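Quick look at what TrEMBL annotates:
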type     : residues : note
DOMAIN   : 19-449   : domain 'Amino acid transporter transmembrane'
TRANSMEM : 21-44    : transmembrane segment
TRANSMEM : 50-75    : transmembrane segment
TRANSMEM : 87-104   : transmembrane segment
TRANSMEM : 173-200  : transmembrane segment
TRANSMEM : 266-285  : transmembrane segment
TRANSMEM : 305-326  : transmembrane segment
TRANSMEM : 365-385  : transmembrane segment
TRANSMEM : 391-409  : transmembrane segment
TRANSMEM : 430-451  : transmembrane segment
Amino acid sequence: MDIERDLSRVDDDGRVKRTGNLFTATTHIVTVVVGAGVLALAWAMAQLGWIAGIAVIFVFACISLYTYGLIADCYRFPDPITGKRNYTYMQAVGSYLGGTMHVFCGSVLYGKLAGVTVGYSITSSISMVAIKKAICFHRKGHDAYCKFSNNPYMIGFGILQVFLSQIPDFHKLTWLSTLAAATSFGYAFIGSGLSLATVIQGNGQPTSLFGKRIGPDQSESEKIWKVFSALGNIALASHFATVIYDIMDTLKSDSPENKQMKSANVLGITTMTILFLLCGGLGYAAFGDNTPGNILTGFGFYEPYWLVALGNVFIVIHMVGAYQVMAQPLFRVIEMGANMAWPSSDFINKGYPIKMGFLSCNVNLFRLIWRTAYVILATVLAMAMPFFNEFLALLGAVGFWPLIVFFPVQMHIAQKQIKRLSLKWCMLQLLSFISFLITATAATASIRGISKNITKYKLFMYKQ
């Protein structure tokens, strides 16, 4: 009886029974994709125009629906229903494609995760400064000098993340992820609502089917570079491949994980697309060619100042949760590697129980030191490169082709044993090649934008 009871508490891999479901998986997806990058989509729409802007959002959504379905089918190896679990994206690539691709995937995947945490530090500090600026403009007038350093806010955000980073693993993040997902809808609807109010009041600016026009304030080459950068912004907003296997590894096995995840993909990506169109379309309709990089922090809106400030409070809360959702897989892989390398080390593996009032937890020395050091490094890098749009576009470009298209396509070909040069094989490779071109052009444009901005300010002395 004891053995039966013990078996009822574990899954097929001997780990504690998973309790995640369609709702929690969808919540995690929304937390990742409905990030502050959503508020940059109006700027992206302004560069592309109505036709290309809407088309690109729909195309990226369709690609995501298809390829995330392929990723879900590769959670187990070799059979998507009964095979052995792959706990990480990197492990799945290793199972299906071998060692060389395994290493390539790891470098892209965890480099992207690290970059996103830096990006979230930048975003949170910009929003905290925006709260202070909203109050300053309200009190002193819209023409007042209201510029403040981002650094104190980045440091404060980093200190909070040091504490939150001691959450042991992804399974313990549901409460934080749910809170972050709720606030993401809050600021997305505030940004969309303020844009809609501007349009209804007749204060919307002229727009174009083809985006910002070439003229005295924008050369032809500058237009092309900004279009490429806009593609990177939309690519980033569509991205949750970095954590998809961590999400799947929380799902209970009463029905196949791949089917549950595909349903969560549909719900998450549909929600994502609706919000993208609302934020991007309404923001562009409100500001036209002068659409700021972020409609809540770029001060397209000054009043009601309390609503602008509240929207930025929601962004900060969301960034707090999203940082952990993205950082935990990186923490996990380093700690798994350390456990495998030094299985008998107390420093690596032993937990020390600590009780403070009604709170109790296990503190692991390696986790404490390594995660704290990581958060400090990410914070310092954010202070050195506080460029919102260009950094978001670079992160989106770097991750789009390899993680959303190339690896899923190659794993699907290996899993289904699709014949080389068959029609399906050729179509999959064409999709991969087109996606590579998008990644290459968007990354080039982003690096160009960052290099131009770096020459304009002193290191660690940026004021917004």
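Cβ atoms are placed via backbone N, Cα and C, with glycine included.
Taking every listed stretch (21-44, 87-104, 173-200, 365-385) in turn, the largest tally of C-beta pairs under 8 A with the transmembrane segment (391-409) is reached by 87-104. Contact count against the transmembrane segment (21-44) (Cβ pairs under 8 Å) is highest for 266-285, out of 50-75, 87-104, 266-285, 365-385. Taking residue pairs at least 6 apart in sequence, the transmembrane segment (50-75) and the transmembrane segment (266-285) share three or more C-beta contacts under 8 angstroms.
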